[in-house]
């Protein structure tokens, strides 16, 4: 019986014994109606204790390890392990999948938790970073993700009152997370002094931001926010693994085996000691607990579940028990009763009742057990152990009968003989021992022939033979009991076996797949009565086959549930059940065996899952399908891989540019072919040979279809075509929206895209990319039109479901290993769909982020076959057409019946309101009734049925039908031969469109006088076409024996020569296409044929044999052969006299031959020769047609127009290009046109050059282009070329021109800003030496106490302070505005009451009337850009973007300063421009990465809608059109792009300089908008360019003298403000106000030359300057007031506070010193210096100020008059610190030259050097005088603190002396008194400055991390914990308290800001 069909019996999962307690926690809960959910192996289980029944969830494909319950107590979330693990959310009542969450985790999902609202789900992965993900689980969408921890994370808990806050805990960690936008921000738990840093095992959040957590040592930690508040010590005596929050309080379970209940305030209520209870045991450990009112569920480490009723608390009842740690292998069934025994590595053997589903008894052993066996009457059981021993027990009471050890290694298998007299024991030592039962288990025999360990054994019925299998794959038979090896095959064949558990042997060949040598089947068991055999394998599958199963690769049924390895399977004695054991999952599964006729269809549904088997046979009960149809086979194997694709173009260009950067400097300007332009007129072709269902009637009755890379809309009335040309490669599928006005098309490509476009306007509505690979095989809209499904061509034929309008991927799934042809939505239910393909039909349900599938069940009704088409009928029935010509009719996923429809495959089907239409390979279209029972009419597609108005004839009768659509009383049909036909219901049909069929098309020629051309293709046809406008059609066709690659008309147009691929060629009649003559002289393909001019006397025939033959046409003789080419010939051309031939070869040789003899000529220059035609691609005249990256791609063809002005080319990128002829010099400019997919193989002009024909290689299409001339408008600005369409104006034309408009220092500086060095934490100074935190503290000697002398203060203390002890700072005011490298970062808010801008890391809102500032301080680095939402709904919503490697964008409320959203994860180096859209809902951002990527965000959801790289050069600005959420413009270095957001993609067009002569590409800096699609861009040379759509229409010359840095469009009245670089003159200024069209302007005088930001409010203009000032101009009077002052670019270090008044001075590298009034918050004076400065000081009497400059000069100034009193320069290095002595007589100067000089001041304020200090190891950066002025301490760059005498400069080293000194001030960061200010992480950055307050009890520091910190003084303990204050960006360079400690002033290095803090 060699039957390969699947068995008739089936299995149904009946019971699962066990519970997963090991390595899991919190995985056991009550759900509604007191059912219990938990999991084991890969099965989710819902158990009803009252009914003792189980329901199963089988949606996982590997071990489940985490579980969470929804607040509604019905939905369950489970997470699994695996390479691509996913989370399932399922309903515990119906066991149906509700949602799938995938693609975020790897390795596994360790923990899941629902938020309290139930809307969100959090999950943590098992990957290296333990990724935390927050999901919107209903949509299956990831909201945010972050790295969780470096070590394992154990638990997650959500804040009960918020969906934005959650806590995770793990190894030595607890983290408190906040979700905002798309980013999760964490605060670590601060353990502080209250508790030890230790591992936290579980966590529960309560109200008021309280959190309870259980720890490893048994304490419970109570947290408030992220600080540890208190500890409940030794709550348990071991780790607390689980904590459950119920309405009554909390339950905790621990490793100590007890459960404690706590009330809501976490006070202890009671303890349940499970370990001591009746079922308890030593070492019981609790992993899960759940408390509901009066009952508690407890799960243990050892796989038990107990239920405790509170009233009976000492008697926990076990609900389920299972094996625990280790693998489970031993399984045996009782010979008489429904009992199973299992033996496991947990050293126990257990007996189970299959009827009661309960554990009967368990017996503990001394060793792990691996096998067991019952004797023949079931009274005894033998158990084999891992150490080689075995024991025999009495089954009745489990008492030991015998214990024997003969072997050292594990015993894999044991069996009693059927007569009960022997026991055979198989071991890992390669032996089987035979024991006599009656002789008290004496060893009586050994089987020893195996070369490897024994895996399986079976006895014969008569107990005389034993068969064995071993690890080496041998099957041996022995005679019993002696163990003699039996070799006689006849004898072996006659043996009847009592059991069959062996995996080897002819009877079980079928369990192995074909062609494998693997041992992944662990166990089998035959059920003789059912003719079935069950197997368990390493993939977690249980399979059923027929028995015996002789042929390999038999069909089977498969069942999942076990996760990894199924170790054993056994049928029960009565064959009612099958038991299976799982290795690692310790689980015992019990399956019911369902034989035929017991209603199995219903159960099949329950067993269905998402897994896919490699064997498809398991679906059908019948044997293999018959012959395979060649056409289907061919289609299933089409490969769409390209050697090179258009997506590589930009890379190639970049490489080419880098490669020849130098070459291009001396450039010949070749003009683009200005006068001409091509417009696509008509395309002959339709893609039918490998596509289907791709022709539709549109709403207006036109026909939409596709060929090559074009979507085509064809009008049946006018025969016109319109084209959608945004695809860049072959379109493979097309579908129509239910409203018939929108089309979706999918293409081939590395990263193929789907375009959704409008039929009437041909505009892209959405582009979907980023998921599929290779190509898209099928697309379909859902019935409601909102969703789109797509199938890819990757190996898994992945499916995606999209929300196409938003461009969001809703769900993905793998569908099938073999090719999938179609996916179709159920028209009535957008969540259901069906896919069909090679041997495949599946019914899908969309669930969250994934789809669940049910395979079609064929049963006995039909054979599994390849399904080619599918349609939905009434009552959701599904009809699928198969390769065998049958139509299969489905209800649900069960086959009801089949109906024969066609001879040969049924390729196409369309459902009508009443009935169906089908089309097949037999070339017949059939009309069916609605039940698919009767064929109402059939239409054979033959030429005899053609109607009178047909536009052509069929190539052959009965072509294969590939697509059908109905409408307008007609049937539309697409055929494999590239024809589109329309059938009238009455019978006749007509041809609408025709094209070549499958195969490359190379031959193309135009008629010498008519509008007609001919083509020849590898589809073995020659065709002629009419190209007359309005009459485009195929006029004649003829089939050839072989394909051809070239053709040519004779000069009189009467004959056509055709070159064939077999080396022959023929000449045919041009109208009838009948052969006139034929020759066959060559072996290889003919590549070109050409008639000589005039009479056409000669014919040149070029071949791949490297020859050109010349034939005399009149007498049909070969007259000459041209030899000498070293490669195949590609092109041939004649000269005008017919005497000379020009030849191109594949080796890029250009050769000349004389006709007719073929003698080779060498011609140095062919300029003088006039050629009849030019189709070659070599030579000087066409050098420029080769692109820079031409080593990769070939130009295949060219053709010169009749007037010799235009050269058209076709290349391997699918471009048709136009050049001006001659094309001299390299890389000429061109115009390019798209539409062909990959290769354009040939181009030819018509006889009058009015038309150009092009053919695409594999796309089978013939394109006819019209040559249109356009007029160029001169430089008259008046003539705006607005109605001109530049079809495909060249991309490459404008890119490589030199920078025109010269150079501007400000632009260059901004362009070349190196932001990488500016980001955090690199020391700002170059220091050397050991940092203080690494040094040991020397013990400070305590001075001897004497009553007489009071102890000195370390620092002089003033009692006249406003704040006694400074403990807190609050940012009060910032002097500064970031203008030097930012722009458009200044806006009015609240009707011009306030302005918002940024400086350093702070967003600043300043009230204009009061001058008060408020701050947004959540950024972590410099803010670079700012945008304000202009929509009234979002008033005062501000977005700011920052610098940094993970640059984030914050959206915040300017009033409350609340963060509304944080967006991060996309931009890598920083964000340099932001802009809100018209509705306020979208936010546009530009990054500083290499590609300067743009992203569009839905900022409220935190979701990135789409992104795109823009340019390799700097992009300065991006802005939405003020009326749009989709259109935006970017400008940058030589860059203007106009973008459109389409779904998840962004389509860009470059600005086209177009018809304006003499204007060059410019670096653009700013953007403004006008009505009717006008865009204004400000250029570097001061012009403003005005664009209409994306075409330049005019320029506003010299809007400013220098670069136009900023433009602002007022939404109210459309007026435009510009700001730029312009010197102040009478007429002009740097700010101008313009009318809406920018034709008239008014200039304002501003006291600055460079404006970087402008904004306009009511009657006022806000201006930000490069010099960090903010001004306001009144529009009426032009008056200008300054609102904000600040230092400009350059590091800012110098700072000193006045000793008597509230005043301070700062000096900076910007060569200014500024004096600020601290109270009034204004700048009093600005002093210009000759060099930058880093040091300054006031004298103690406050009358003088001294400034040290970077050139070494020292200036002494009078504070009031600011006169220079004296200056001195003794050193050339920069001065780093400068100080007056307490008596103002001496000035100390520390410099970068490692020196410290003392200058004496005389009465005239002259400075004389009186001393200096020697041997200083490094530069000096801080100095303090002692109170008496005798000593000075200096801090140096080598982290050493030195003390010197003043003024001698001699060093003081005696510590006793030093310790007694009292200092006048303390600014040192060194010394033991401030050792605590150095943090642990200071390897990466320094503490730059410190200042002790005047009250001498606090010290403020500034460091390289941008932090201002406050410590108590003195600060002698290492790593003291400070209070930290943020706002500065990277480096804080200086800090000083004002005289009364009421304020602290700090300066920022790079951020150039002065911060004032209020002290308290």
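From the backbone N, Cα and C atoms, a Cβ is placed for every residue, glycine too.
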Among 1201-1227, 1228-1254, 1255-1281, 1282-1308, TrEMBL marks as region 'Disordered' the stretch 1282-1308
What range among 575-599, 600-624, 625-649 does TrEMBL record as region 'Disordered'? 600-624
Ranking 53-307, 328-593, 1001-1265, 1692-1959 by the number of C-beta pairs under 8 Å to the domain 'EML-like first beta-propeller' (720-982), which range is first? 53-307
The domain 'EML-like first beta-propeller' (53-307) vs the domain 'EML-like first beta-propeller' (1412-1672): 3 or more CB pairs under 8 Å: yes
Confidence summary (mean pLDDT) of the domain 'EML-like second beta-propeller' (1692-1959): 88
May I have the DSSP-based helix, strand and coil counts for the residues of the repeat 'WD' (1925-1960)? 0 helix, 19 strand, 17 coil
